[in-house]
């Protein structure tokens, strides 16, 4: 037998002598130790270490890895309890108006403090990783200063006088909001109290967040500081109620983002990212198309109903969510909105048009109603603005926009017997010759996209933008108050006038003035400033009341009936667009900024300036 040939091995018992056993055990223990130790020192041993480590040992958690499940688990973790909040700032409105040298001194101080804050927030930029957003680097990537060489002050005295009038209107609206509705969402100027509403799920201060950037660019120093203090001490994002995903995104997230990019205050960035996290569960649907309503107070589903998602709502997230990714380092926000694009590109579109209602469960259109006004409007706006915001590198957005515009021209754009160009609505192949006030933003939209279409169509697009803006101006001039109705028609002999009582109201909307501002910047035709001044005079005469501004119920009668609501978008959009209209073009220049659908400026990322931000 073979064992007999081995030294030290007994043929009968195959046992080992004592000394041999000791040597063998020593050799075996060394071999085991060597193998076990290798598990901890080999380069790929991380998973094996986790097997042998104690289950009680805490493992590090990485947030923002891009995994959807990881992000959801992160969001489900309970937040630390908030510290007791400090009392809100005083409710009394400031009576003294900024004037002369005092105003300039305060404004210089504000800008100095802002620069100091941004310097502090980026003092360790040199040691930051590539994933850390650098405000200092961002500022270097802008082509021009956000506020221009002289805060956009026009050299023409008449134009500057008009700009100062708009600034006074903003201060008047703000002072009355502060006096009677501080911390509420909007002012009710007739009854002199605040309005909360149910759009924001328990969030408060919509007028404050919406006003931050307007106050800042107008140089209303004390008012801006009051607003910032309220955000720091009183903006509670832990509300519990059903909110509109769309409204919270464009007003709160958009307002906080723009305030951060203009001032460098970390407070605004942190609040924006915190709120952005609360919006992510809206996307937990079979298709990834978000529901329109979300409960901000819990991570469970909080849907008001199982109905359809609206094109203008789920299509108006891209600008803000891409910036949330940049500021947080978490790709989940960009992934969510890019998934929306992928689905829209995949499904069939009737005549190339995008209907207004989509099922977030099946991913199919619910009905074939198409409108460039309400329900559809800002989806198209965000396509061209996504392309512009990417420094014209987002070719997918560009392709979607111009394809949609071609379909709109082929199916919706009409010419009235009186020569007015308008956009009708489309209901399953049947045209409804109605155009809403909300659709009047499209003049500006088509204008800013004119240069990037097919070369042979560039002048055509600019002409189309001017024609639509002219039609919307006509809806103003054909009313007794010189303010436009909510919707106007082009049938039964009517042109650019409301024929139904339910369409005659005006709620301080900005869309017509928005197109004036863009068309002024693009053409410098003085008629747009004149049209804007007509709107200022009409607002002063018919909407200004003792304690603020109010919408009116019928633009066709001089016996005005007010609706008792100073909308937050009046401060964010209407007055801001008027102020920009009467300012030089270097105030928030279009080469550096796009405006979200609530007129909150967000920066363009210039590729030629180096890797400032990726914004992909």
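Here, residue 1 is simply the first one shown, and the rest follow in order.
Just so you know, glycine gets a Cβ as well, placed from its N, Cα and C.
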Stated TrEMBL location of transmembrane segment, expressed as one of 1-21, 22-42: 22-42
Proximal residue to residue 440 (disulfide bond) among active-site residues 247, 377, 486, 511 (C-alpha distance): 511
Candidates 247, 377, 472, 486, namely the recorded positions, that fall within 10 Å of residue 511 (active site) by Cα distance: 472
Distance [Cα-Cα, Å, rounded] between residue 377 (active site) and residue 472 (disulfide bond): 15
Number of other Cβ atoms within 10 Å of the Cβ of residue 472 (disulfide bond) across all protein chains: 28
Helix, strand and coil residues within the compositional bias 'Basic and acidic residues' (150-163) as assigned by DSSP: 7 helix, 0 strand, 7 coil
Among 486, 511 [active-site residues], residue with fewest other Cβ within 10 Å: 486
Nonlocal residues around residue 247 (active site, proton donor), in sequence order (Cβ under 8 Å, 6 or more apart): 199, 200
Distance from residue 486 (active site, proton donor) back to residue 472 (disulfide bond), taken between C-alpha atoms, in Å: 11
Other CB atoms within 10 A, centred on residue 440 (disulfide bond): 31
